[in-house]
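To start, the structure itself, in structure tokens.
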């Protein structure tokens, strides 16, 4: 059974932020399910030393329960503390910033809402400060924490710990973020960046007074983007490491596509052209389509594998398959990797 820790946690955060009518029954049931998923997420994988999903989803689960003012067992919290202390949040080819930030927000929430004892609260505060220091030390020349998408998560930590007005790193990140707002095109990424633009964090959801919130939401309609004239060619490469794939490079073909095509459009064009057979599949997620299978090889959560998206020779893409638009002549690599 596929666990839904992260998805359910995000839904509960969104539900609380939307100020739903006071109907405690269904909401209480969802919170109970999240507690169950959180326990199963770890208990089913004790032999591996990490959650069945990921530390990111696990941290989201703890954060969502805290925002809903629900106590979390100390053992559940200490699993995250141990992972933070031993630097287990990272994964191959990617940044640990977003995972560290979500965990730090969960720690800050538990401390602020006094849902833990004094001794554990002190440990959580120390861990949150460590995470924030690491973010400052790792801030890139582009002023982002990790990348453009993990930066809003990191900035929420500065907001939640009340240092955003005084820390230079936060100001630099905000300036960089304001120049790159066009990168946030999905509902999930917008939900991460909007609180930051208003100087808020997800912790503020817990203290909202819903009866005082004005009903100002207005539906808007977007005009479809204009199509770019002309065509482009993209070199598409599929790689799979040994020993699973002795030949390592499984596909290497030039794919013609319209000039404005996204990576997802390029994959569809590759699947439609012959004589080389190219297959792929995606899964819908809150962040958009997730590449789940290529040439029949699945990215399996239980094996901690995923399809890494790179532009040659080894630059990891910061966008999903539906958002990234390759340049003419660019070489794109789909590499089966582990996290």
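One is the number of the first residue shown, and numbering goes on along the chain from there.
From the backbone N, Cα and C atoms, a Cβ is placed for every residue, glycine too.
Remember, it's a predicted structure, so these values are computed and weren't measured experimentally.
Features reported for this protein in TrEMBL:
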type: BINDING; residues: 53, 54, 55, 56, 57, 98, 147, 192, 307, 308, 309, 317, 339; note: cyanocob(III)alamin binding site
type: DISULFID; residues: 66-109; note: disulfide bond
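Here the features listed in TrEMBL are painted onto the structure.
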residue: 55; record: cyanocob(III)alamin binding site; contacts (Cβ under 8 Å, 6+ apart): 80, 83, 88, 89, 99, 103
residue: 66; record: disulfide bond; contacts (Cβ under 8 Å, 6+ apart): 72, 106, 109, 110, 113, 115, 206
residue: 307; record: cyanocob(III)alamin binding site; contacts (Cβ under 8 Å, 6+ apart): 291, 292, 294, 299, 334, 335, 336, 337
residue: 309; record: cyanocob(III)alamin binding site; contacts (Cβ under 8 Å, 6+ apart): 263, 291, 316, 317, 320, 321, 324, 332, 333, 334
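In the shown protein chains, 24 other C-beta atoms lie within 10 A of the C-beta of residue 57 (cyanocob(III)alamin binding site).
For the binding-site residues shown (53, 147), fewest C-beta neighbours within 10 angstroms: 147. With 53, 54, 55, 56, 57, 98, 147, 192, 307, 308, 309, 317, 339 listed as the residues that bind cyanocob(III)alamin, the site has a largest C-alpha separation of 24 Å. Candidate recorded positions: 109, 339. Fewest other C-beta atoms within 10 angstroms, 339.
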